[in-house]
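Before any comments, here is the structure.
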Amino acid sequence: MSQEATCSAASSSIANETVGQVVDRGPISLGRILTNRWFLHTVSIVAFFWLWDWLARSNVLGAGSSVLARPHEVLEQLAVLTREELAELTLWGHVWASTQRVVIGFSIAAAIAVPLGLFMALNRYVNAIVKPLFDLLKPMPPISWISISILWFGIGETSKVFIIVLGTFVPCLLNAYNGVRLVEPELYDVVRMLGGKRRDEILHVCFPASFPAIFAGLQISLSIAWTCVLAAELVSARSGMGYIIVQGMNLSQPAMVIGGMAVIAAAAWGTTLLVTALERKLCPWKRKIVGL
Amino acid sequence: MTAYREVVVRTPLALKILPIVSVATFFIAWEIVVRTGVVPDTMLAAPTTVTQLLFDKFTNMDPDGALLHQHAWVSIQEAFGGYFLALAVGLPLGLAMGWFNVAEGLARPIFEIIRPIPPVAWIPLTIFWFGIGLPGKIFIIWLGGLVPCVINAYVGVKMTNPTLIQMARTYGASDWQIFRQLCIPSALPMVFGALQIALACCWTNLVAAELLAADAGLGFMITMGRRLAMPEMVVLGMFMVGLTGAFIGVIIDRVEKRLLAGIRR
């Protein structure tokens with residue numbers, strides 16, 4: 001943030017605000033290198049892995065090697081898992097098992113919840129019937145349904161998909177509902193002024209204007225879906241990434257546990273990117289919000 | 001003659017009755033389905049049975065070894081421990097990341113590594129590290145609450161009106177002054193949004209933590225209900241979790257309204 005540096009400012013405007021993008025072209029100095037973003041990122045990542053390695057080597061967290069694995073041990077463990085089978089599946093098989101559950105549950109929930117949310121926002125009678133039931137079930141965390149779903153469906157695929165559907169249902173529906181309710185009323189006025197009917201309002205205003213909110217809901221749902229599938233697999237499963245983690249816990253192999261965590265993080269990250277790409281494609285009119 | 005007439009908006013009677021009817025139908029249908037044996041009572045308990053158990057649990061320790069309010073108290077302790085730790089770490093970190101380049105440069109990569117890992121995945125490691133006691137559960141809940149705190153505080157600072165920052169600079173404000181007197185107040189609504197989101201996350205993770213490793217608490221009660229094949233205990237546990245979570249949410253909402261009175265959202 002050195003103000004002395006010569007600046008060349010390019011400006012872009014969002015709505016009617018002018019946002020300056022300042023490019024510093026000052027002389028290279030030690031201070032500037034030290035506060036460079038990429039330099040700091042590198043420092044932080046190196047420090048993170050070094051600290052992890054040190055903690056694992058020095059047994060600060062507890063006696064024995066079964067508390068934390070060193071980073072390269074985790075990589076080796078993952079490599080072993082891709083070659084050797086654990087419960088008749090290699091690493092890819094487990095990844096696929098979890099992903100399948102997430103995709104099925106997520107699709108079912110989105111297919112029901114989004115139209116229902118839109119419908120609730122558009123028709124107040126539907127809203128009056130569904131909203132109280134929804135409010136009743138909403139505060140129960142999806143994970144608390146695991147026990148009852150095991151009582152209902154046993155420990156097979158159905159109970160896991162059921163948990164994911166329940167967990168992803170809530171944000172999908174809420175966001176679709178709020179997306180329509182928070183549409184700017186001026187937009188309706190425009191359609192009415194141009195002689196549009198109720199159908200035109202819904203088709204040309206409600207749907208496009210609520211798209212960004214719906215996609216935000218889908219993103220939240222996805223991360224919840226991964227949490228749910230993991231929780232369900234931790235409680236009872238014969239396959240999936242949660243199973244790898246549980247096996248690692250039972251065998252006291254932290255390398256396997258951390259490997260499973262890394263893979264699930266990568267998978268969750270991948271699906272998030274996929275939805276973001278889809279969103280860019282489907283609703284380019286969404287204003288880009290700077291942030292995480 | 002007055003210039004305008006007061007507009008009276010009438011809600012149709014049907015709109016007032018329908019919510020009550022829908023909830024009532026739900027409970028009655030549930031009761032009937034269980035009573036008539038369409039769903040066997042090993043799978044689902046009727047609402048009346050659940051209510052009976054609710055009153056019974058206040059005085060009867062069997063079969064899970066604690067009274068209902070003891071379970072609830074254990075859960076609330078864990079949840080609040082993790083929640084306040086998450087606020088204490090996450091909010092300052094997020095605010096600093098939003099304004100100071102050095103803080104963002106250092107903290108962002110680590111945050112991005114930790115963020116996509118569901119907190120539930122940490123449970124086995126936590127058991128290795130802390131055992132199944134209170135610290136382990138607080139750690140899981142803390143992880144769950146941390147992410148929304150950081151994100152909301154960060155976005156809150158980033159959304160500060162750039163014109164105001166430029167004006168402050170023109171008047172010679174230092175970075176620290178801008179951060180303290182401009183960025184933090186303008187991030188407040190987002191920060192309070194984080195309080196609610198983080199609470200919901202904490203509460204979800206609490207149940208997860210207790211499902212896997214606990215000897216008391218509402219999540220433990222649900223698990224015991226399943227192990228003993230007592231669906232009424234499972235349902236009671238679920239309702240208590242929902243009810244307590246909703247109750248805490250309402251309290252935070254009240255506090256938020258009180259503190260933020262006058263700030264436009």
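One-based numbering along the chain as shown.
Cβ atoms are placed via backbone N, Cα and C, with glycine included.
Keep in mind that TrEMBL annotations are predicted by a computer and have not been checked by a curator.
TrEMBL lists A:38-55 (among others) with the feature transmembrane segment.
Residues or ranges marked as domain 'ABC transmembrane type-1' by TrEMBL: A:95-279.
Within the same chain, residues 130-131, 160-170, 172-181, 202, 206-207, 210, 214, 217-218, 221-222, 225-226, 228-229, 271 sit at least 6 positions outside the transmembrane segment (A:102-122) and bring their C-beta atoms closer than 8 Å to a C-beta of that stretch. The feature transmembrane segment is assigned by TrEMBL to A:102-122 (among others).
Residues 162-164, 166-167, 170, 173, 224, 227-228, 231-232, 235-237 of the same chain lie 6+ residues outside the transmembrane segment (A:134-155) yet bring a C-beta within less than 8 angstroms of a C-beta in it. Summarising the annotation, TrEMBL assigns transmembrane segment to A:134-155 (among others).
Among the features that TrEMBL reports, transmembrane segment is placed at A:161-181 (among others).
Taken from TrEMBL, the feature transmembrane segment applies to A:202-235 (among others). Counting residues 6+ beyond its ends, the transmembrane segment (A:202-235) has Cβ neighbours under 8 Å at 98, 101-102, 105-106, 109-110, 114, 118, 121-122, 142-143, 146, 149-150, 159-160, 163-164, 166-168, 171-176, 178-180, 182-184, 187-188, 191, 196, 241-243, 245-246, 264, 267-268, 271-272, 275-276, 278-279, 282-283, 285-286 in the same chain.
The feature transmembrane segment is assigned by TrEMBL to A:255-278 (among others).
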